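Below: the structure, in structure tokens.
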Amino acid sequence: MTDVNNMHTCDKPLVGVVMGSSSDWEVMKNAVQVLRDFNVPYEAQVVSAHRMPDEMFAYATVAKDRGIQVIIAGAGGAAHLPGMLAAKTTLPVMGVPVPSKYLRGEDSLLSIVQMPKGIPVHTFAIGEAGAANAALAAVSVLALSDKALSQKLEAFRVAQSQVARDMELPPLR
Ligand code: RP5
């Protein structure tokens, strides 16, 4: 993985992580962390729908030809980035609602989830859990054609179950 100016990129990225602002990074880094944990090559960068519409258009137009298989898009407020990307590509787009200043991300969630019929955006929970789950969903898509990755995902689930089984409640005082 290399950091090049305003983007992180791996060799031959399979997942494109984009976000509307660098202020989304605190949330979206949770997606990147999951991709790193699963050794999935990714790229991450800011592509703002309303401030960089031409770049957003270009990103979605060529993503598939560049070898990207899943796009994870996070945005806050009137969060049209995931929907607009999905409108320009048939790749699966995972939308992550980023918490916003005034409406705490409920605006982001509704903007992303309420896509009109015909252009699906897979929509996740507001915030960190949504970002991590978007990446896990991307992993499960890639795992359909990657046996080793599928086994890693199974192992992750087994370990996660065991962590829950081992949980202890604090004593009642
Ligand atoms: C959206 O506006 C971004 O996705 C971000 O969540 C929000 C605020 O952006 P900044 O003003 O912090 O750049 O486009």
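A Cβ is built for glycine as well, from the same backbone N, Cα and C atoms used for every other residue.
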Per TrEMBL, Ser21, Asp24 bind substrate; matching candidate in Arg51, Arg66: Arg51
Mapped DSSP class for Asp24 (substrate binding site), helix or strand or coil: helix
Sequence-distant neighbours of Ser21 (substrate binding site) in its chain (C-beta under 8 A, six or more apart): Val46, Ser48, Ala75, Gly76
Annotated substrate contacts Ser21, Asp24, Arg51, maximal Cα-Cα distance (Å, integer): 15
